[in-house]
Every structure is written in structure tokens, then in C-alpha cells.
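S.K.: Sharing the feature lines straight out of Swiss-Prot:
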type: REGION; residues: 1-48; note: region 'Transactivation'
type: REGION; residues: 22-37; note: region 'Cysteine-rich'
type: BINDING; residues: CYS22, HIS33, CYS34, CYS37; note: Zn(2+) 1 binding site
type: MOD_RES; residues: LYS28; note: N6-acetyllysine
type: COMPBIAS; residues: 48-58; note: compositional bias 'Basic residues'
type: MOD_RES; residues: LYS50; note: N6-acetyllysine
type: MOD_RES; residues: LYS51; note: N6-acetyllysine
type: MOD_RES; residues: ARG52; note: asymmetric dimethylarginine
type: MOD_RES; residues: ARG53; note: asymmetric dimethylarginine
Amino acid sequence: MEVVDPNLDPWKHPGSQPETPCNKCYCKKCCFHCQLCFTRKGLGISYGRKKRRQRRRTPQSGEVHQDPVSKQPLSQTRGDPKGPEESKKKVESKTKTDPSD
């Protein structure tokens, strides 16, 4: 074992840090570059704060790409356009006229 200068801080000891800086590459060689690279790249563990994704906001300028709601066509109502009351009356009249029981 090499003799280490006791006046040096532990993180400055020779061999404590790799000669090359860490990079963003995820190849096998770079994953085993140092302990920090191994935990981040090899194991995928990161203890940093997660950044929140910002929602897209509409531009504040007068240029809007959508038509206003008033110009859009009204959606078609499904089913009976007359309404539920008249359809109930039809059902009641059919049950009274059909004595199939």
C-alpha cells in the first residue's frame, strides 16, 4: 500500500478520483468510471431533486390559433331531439295500446 501524506484531505488522496472527468456517456466503460458514475448510470439511482415539467401555456399575444367557442358549431344531441318527456309519452301510449300480457 502506498504511503499517503497525512496532511492531504481524504478526497485529494491519489487514486481517490479518476484522472478523467465524468461524462454523459452510458457505455459500459463509462458506467464503471467511478463510484458515482456506477450508481447514477449503472444502477440508475439519482438522489437529486426531480424537476417538474412545465405545462404548455397559451401565448399571451393576440395571435390565437383556435376559433372562439361562439364560432364553433354546436354539437349534435344524440337520441331523440324532442326531449325525454315526449319519448316517455310514446312509451306509455304503446304500453296502453298493446295488451300482449
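In case you wondered, yes, glycine gets a Cβ from its N, Cα and C as well.
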S.K.: How many Å separate the Cα atoms of CYS22 (Zn(2+) 1 binding site) and LYS28 (N6-acetyllysine)?
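M.R.: Between the Cα atoms of CYS22 (Zn(2+) 1 binding site) and LYS28 (N6-acetyllysine), the distance comes to 13 Å.
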S.K.: For the C-alpha pair, I'd like the distance in angstrom between ARG52 (asymmetric dimethylarginine) and CYS37 (Zn(2+) 1 binding site), rounded off.
M.R.: 24
S.K.: Give the distance between the Cα atoms of CYS34 (Zn(2+) 1 binding site) and LYS50 (N6-acetyllysine), rounded to the nearest whole Å.
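M.R.: With the alpha carbons as reference points, the distance is 23 Å.
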S.K.: Do any of LYS28, HIS33, CYS37 (recorded positions) have a CA within 10 A of ARG53 (asymmetric dimethylarginine), and if so which?
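M.R.: Candidates kept after distance check: none.
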S.K.: Secondary structure at LYS50 (N6-acetyllysine) (DSSP, helix/strand/coil)?
M.R.: coil
S.K.: For the modified residues LYS28, ARG53, which Cβ has the most other Cβ atoms within 10 Å, all shown protein chains included?
M.R.: LYS28
S.K.: Taking DSSP three-state, what's CYS22 (Zn(2+) 1 binding site) in: helix, strand or coil?
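M.R.: In three-state terms, CYS22 (Zn(2+) 1 binding site) counts as coil.
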S.K.: Looking at the binding-site residues CYS22, CYS37, which sits with the largest number of other Cβ atoms within 10 Å of its Cβ?
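M.R.: Neighbour-count leader: CYS37.
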S.K.: Give the distance between the Cα atoms of LYS50 (N6-acetyllysine) and CYS37 (Zn(2+) 1 binding site), rounded to the nearest whole Å.
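M.R.: Answer for this pair: 18 Å between alpha carbons.
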S.K.: Starting from the Cβ of ARG52 (asymmetric dimethylarginine), draw a 10 Å sphere and report how many other Cβ atoms land inside it.
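M.R.: Neighbour count, Cβ to Cβ under the 10 Å cut-off: 6.
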